[in-house]
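Quick look at what TrEMBL lists:
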| type | residues | note |
| --- | --- | --- |
| DOMAIN | 2-79 | domain 'CHY-type' |
| DOMAIN | 81-145 | domain 'CTCHY-type' |
| DOMAIN | 146-190 | domain 'RING-type' |
């Protein structure tokens, strides 16, 4: 069965279609298959195509069905199916502006080159060598999903980044939209500030709180007075019997205001 056979793949520049073994339907690539998923009662009950199970492809130039390979086996065709071809992932790509390589430890192809990247065995992901001694290791950190769009980061084709302070990962575009729309500069996972709060910023927050409370009605101030318990999103420490205020509660351990009340 052919599905949108004449439409070019929006994910890769390639010269062939792949036959999805789970539904026997031709697709431009595995991501095109996954995007068509509409539930277990749809045209295919499998949500994520197993890239390693692909055994048949079809040349877009001559239409010959054949095994996965980089050049069409039809002697009258010899069409480039993929200038980059991975026989493990069954990945084809004719876009020579994007370097790719297969990582045996990741068990999939990665953007970039082996020479410029390295595989961190703790994080279980390939990264630029510029981060080899400058990243925070979190065991299998990319097995998690992006906290905004919920796409698995390890198999994602989108650009993602590690937040330097807490070490959690998120799509770069998702992070930019998250900050822009919510005006929130805290990690969506753990709540730690993305940027280290300076002493001047802490002082400005304290002055703002003092100013608000200095103009507050004494009766309201009395009603709000009391003690509470907090967890600091910066240092991770809990504090008990601290003064409550409605704006922001300071952590007595690190003097940051990025805290939340706990029971």
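Yeah, the Cβs are placed from backbone N, Cα and C, and that goes for glycine too.
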On the 0 to 100 pLDDT scale, where does the domain 'CHY-type' (2-79) sit on average?
89
DSSP puts the residues of the domain 'CHY-type' (2-79) at 9 helix, 15 strand, 54 coil
With DSSP, how much of the domain 'RING-type' (146-190) is helix, how much strand and how much coil, in residues?
11 helix, 8 strand, 26 coil
